[in-house]
DNA sequence: GCGACAG
DNA sequence: ATCTTGTCGC
């Protein structure tokens with residue numbers, strides 16, 4: 001059965017209070033427990049991936065394009081058809097020369113299966129509301145859904161750039177998108193919106209993690225509830241300066257499984273491969289735009 | 001009034 | 001997020 005919740009899609013004219021109320025509904029509809037068939041080992045990306053080099057780039061919006069590789073090497077490059085499809089989404093912004101505010105968002109979605117890119121697509125949409133801490137999903141949610149619509153692949157897992165449950169109302173970007181589509185989702189943020197790490201996060205070794213617990217800024221959860229993890233995805237031997245990632249479940253995942261999945265999706269860079277590739281593709285589309 | 005805040 | 005070259009270190 002289809003448990004997607006298009007009814008929770010925000011109306012563009014919502015007031016701030018209405019947006020916050022909608023987030024409480026979204027959080028209530030979200031599941032922060034494991035409800036999926038994903039095995040971190042099955043989604044793992046063992047080697048650094050890349051967008052299918054040498055293939056025509058995906059068309060913006062309507063026409064997503066397969067990037068599976070040459071026919072000659074199809075036997076080697078065809079990913080396991082039974083492996084789950086993991087989709088990373090990220091955005092880049094376009095600012096008209098002379099303007100100070102970005103007026104359009106380029107959303108990119110990159111699908112991987114068995115550690116290889118199988119498809120990528122993008123959508124360029126005009127921006128309606130400005131960035132407001134806590135309300136990011138109202139700025140980036142629709143653009144992201146547009147990019148997902150441009151993809152033929154059916155995501156088994158979404159990796160979003162931003163928070164999921166680590167949010168004032170437990171309804172960050174990853175939760176918003178995950179609930180609207182009823183797809184397991186994870187939020188990967190580069191800085192912490194709210195909550196408290198159990199331990200100091202500075203100068204930690206690669207692979208290290210610590211729980212993030214709700215503090216009084218999280219109005220919908222009891223203080224102390226684990227809402228995510230700080231995760232040191234990468235660290236350099238000598239110079240200690242890489243900040244950890246802040247990983248939180250978006251929908252249908254526990255906080256623990258969310259970090260396990262992200263750890264499995266990292267392959268040498270700070271960001272998990274789906275996010276890193278979506279980031280790179282969004283930049284490419286943006287550059288081609290001007 | 002002060003603090004504090006994803007992208 | 002964005003505006004941007006070189007530069008420090010492995």
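Including glycine, each Cβ sits where the backbone N, Cα and C put it.
The feature compositional bias 'Basic and acidic residues' is assigned by TrEMBL to A:1-10, A:58-75. The region 'Disordered' annotation in TrEMBL covers A:1-20, A:52-86. Positions annotated as Mg(2+) binding site by TrEMBL: A:90, A:161. According to TrEMBL, the site 'Interaction with target DNA' annotation covers A:131.
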Neighbour tally for residue A:161 (Mg(2+) binding site), based on other Cβ positions within 10 Å of its Cβ: 22
Inter-residue Cα distance where the pair is residue A:161 (Mg(2+) binding site) and residue A:131 (site 'Interaction with target DNA'), in Å: 14
For residue A:90 (Mg(2+) binding site), the number of other Cβ atoms found within 10 Å of its own Cβ: 28
Counts by DSSP class (helix H/G/I, strand E/B, coil) across the compositional bias 'Basic and acidic residues' (A:1-10): 3 helix, 0 strand, 7 coil
Three-state secondary structure, which DSSP defines for residue A:131 (site 'Interaction with target DNA'): coil
